Amino acid sequence: MIFALKSEERRVKREGVKEKMAGGGVESGGPGKRAHLYEHRFTNYFAFTCIVGALGGSLFGYDLGVSGGVTSMDDFLKEFFPDVYRRKQMHLHETDYCKYDNQVLTLFTSSLYISALVMTFFASFLTRKKGRKASIIVGALSFLAGAILNAAAKNIPMLIIGRVLLGGGIGFGNQAVPLYLSEMAPAKNRGAVNQLFQFTTCAGILIANLVNYFTDKIHPHGWRISLGLAGLPAILMLIGGILCAETPNSLVEQGRLDTARKVLERVRGTKNVDAEFEDLKEASEEAQAVKSPFRTLLKRKYRPQLIIGALGIPAFQQLTGNNSILFYAPVIFQSLGFGANASLFSSFITNGALLVATVISMFLVDKFGRRKFFLEAGFEMILCMIITAVVLALEFGHGKELGKGISSFLVIVIFLFVLAYGRSWGPLGWLVPSELFPLEIRSAAQSIVVCVNMIFTALVAQLFLMSLCHLKYGIFLLFAGLIIFMSCFVFFLLPETKKVPIEEVYLLFENHWFWKNIIADQDQKISNRKPVATV
């Protein structure tokens, strides 16, 4: 009976959607029956909870930035990877692309992401049963332990175990933080608020590059300082996680309705939250009926969310090639003929572009929408990858160093590539999936998002230097081809989600030119067929 009423209610909502559809998305505000009644005002409490939640990105970002810098430091290589150090110093007959091709060295980077994809499933259970806040606290503790162990490492096993603990922190943090931000944010500002995660990720990368630039001059243990300072954002996230509020969505899901109402009133800055609170309760009722969220995610009606949000976008975010540049920017620039300090400084510049681009995206994504950012920036990224491949094909290889003019030109091209990524696939790769999932599958789906993201992050981290060695400049053409494919994916399959309440995003798929045929019930398809003429 309850499900019949819900189905009828959703039918009424569908009939009430009169907004003009563009690319499968609603051009104007939220399409639901209550969305227009939502109210919110900016409050200091809301700002505090968002900043605390976004600190999870700084863990991810700092590690992204610090790993590539540390693996290019001579002191680190001499202590743990002497063969790589000797190869780096010698003039070998192989091309310069292969200087750093060592699978144990890349395991130092990729082991973190392998750990993160495993831990995210434990995080899913904790996030659903105990709330987003619990996962944030566990993630901070795990990351702090990993930072301490890495800073004190005496051998490769200690390094790898430390990386595994760091990965646990990222697995829990990346699972919970995007959900936390999306659920705390009002629908009209959800894009900007969710991108705080990407902003702090970029800030962490930038700070890590700056730290590496200075610690590279501290011999012989500067790399220990770089790795140990990862504990600072973990401590901040731990303190913030203890002090901040749980999301109203999670509190309703746990049956703590009075507390949920109070938190919702506090973060919205108004007592008039009846409409939004009713939507949360209805969504929670449906969620409580779901006993196996992972199995539920495989149902036909969630096929768009599974393909776009849980599988497509998180995989594509890594296949843009940007994280390859972030992981190994100092290594790449050294391979291209830059000195050690020059390479760290150059990677610092490119990561500054990432931070600037994220700020641009934060202010404009809720105005122009997600699809436009994906497509416009994708075109720029394709051009940059092709230009990089052409320059390297003509000017680089076999022990030949690039001239200053060509080197500067490459830094500018990579700068423009990162600027495009930083306002599109970087922040939107986390924002869009967090918007697509209804409450009943949200925690499970977010685990799939993090898992897929970490699988491809680990693959890129493990295989990029080997691919650079074997494919040479062709690796950049490969990335260009992948970006063309993913841009087509967005153009044809992703509806616009700006300003649409999370609880009503399903309406976009029910009115999308392609997905409406995929998610339609078989009985509904049969009833919609024209009757066959009989003689």
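Any Cβ shown, glycine's included, is placed from N, Cα and C.
The following features are taken from TrEMBL:
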DOMAIN    49-498  domain 'Major facilitator superfamily (MFS) profile'
TRANSMEM  42-62  transmembrane segment
TRANSMEM  104-127  transmembrane segment
TRANSMEM  134-153  transmembrane segment
TRANSMEM  159-181  transmembrane segment
TRANSMEM  193-211  transmembrane segment
TRANSMEM  223-245  transmembrane segment
TRANSMEM  306-333  transmembrane segment
TRANSMEM  345-365  transmembrane segment
TRANSMEM  377-396  transmembrane segment
TRANSMEM  402-422  transmembrane segment
TRANSMEM  443-465  transmembrane segment
TRANSMEM  471-494  transmembrane segment
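Across 193-211, 345-365, 402-422, 443-465, the stretch most heavily in contact with the transmembrane segment (377-396), judged by Cβ pairs under 8 Å, is 402-422. Long-range contacts of the transmembrane segment (104-127) within the same chain: residues 63, 67-68, 71, 80-81, 84, 134-135, 138-139, 142, 156, 159-160, 163-168, 170-172, 174-176, 179, 250, 327, 443-444, 446-447, 450-451, 453-455, 457-459, 461-466, each at least 6 residues beyond the stretch ends and with a Cβ under 8 Å from a Cβ of the stretch. Contact check: the transmembrane segment (345-365) against the transmembrane segment (223-245) gives fewer than three Cβ pairs closer than 8 Å, residues 6 or more apart, which falls short of the contact criterion.
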